[in-house]
Amino acid sequence: MSPLASRLLVLLCLALPLYGVEKVKNRGYRKEPDVDKCTGNDADKPNCTRHSSDEGRPPCRSSMYGSCMQGPAGTPGRDGNPGANGIPGTPGIPGRDGLKGEKGECVSEIFEEPWRPNYKQCAWNALNYGIDLGKVADCTFTKLRSDSALRVLFSGSLRLKCKNACCQRWYFTFNGAECTGPLPVESIIYLDQGSPELNSTINIHRTSSVEGLCEGVKAGLVDVAVWVGTCADYPRGDASTGWNSVSRIIIEELPK
């Protein structure tokens, strides 16, 4: 074989594979039949057919085999961040006046004065009052309010003696009358009949007290007095008040 023929044979062997590759490549980029369809102003041309099903279809990227495939749906995205607060609105129009209310009642307030202590003491040194019936001592007091109570106290030496059974009673009066709110303020001493072996005329003086509260006494000057008298259904004895010691009456006004 001549040198020229050998060279042609080599070139032919190199050119044939390149031609096959180029042909396959051109076949992969072939347009779809729908690409040549008439659109726009070409619709009036002869031999042009419009397909309504192609209208509105999004363009499809051709693959090497001339077909368009839809991929799977993507994962839904996350919620966005909250937006910023808006600008405050303008104030609204003031509302109308309401209906007129009913006429109220006029109530006068009463302001009470604060409570002030009000008390008094009357004292005697060695009364040595030996009466069995009657007033022993008295003390005047100014009561400020009618709705208050009086606390009274007598403290002093009391004595009773007798040969037979006897009883004496010491009590308070207010303006000459015993307390009725609620009950009298009193104290008693009772001695039983002594036996022949004992001296029933024993003479004992003891410091004692008569104390209590009385309500219902009106405001103003009040004469508070201590009396001695007999007990009901018992004979009286030999009484003595305030022997050789200090006796006192204490009066105090208290709020109810």
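Cβ coordinates come from backbone N, Cα and C, glycine included.
According to TrEMBL, the feature signal peptide maps to 1-20.
The compositional bias 'Basic and acidic residues' annotation in TrEMBL covers 31-58.
Per TrEMBL, the feature region 'Disordered' maps to 31-99.
Look at TrEMBL and you will find 114-251 tagged as domain 'CTHRC1 C-terminal'.
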* Structure fact -> Over the domain 'CTHRC1 C-terminal' (114-251) the mean pLDDT stands at 92
* Take the domain 'CTHRC1 C-terminal' (114-251) and count its residues per DSSP category (helix H/G/I, strand E/B, coil), listing them in that order. => 0 helix, 80 strand, 58 coil
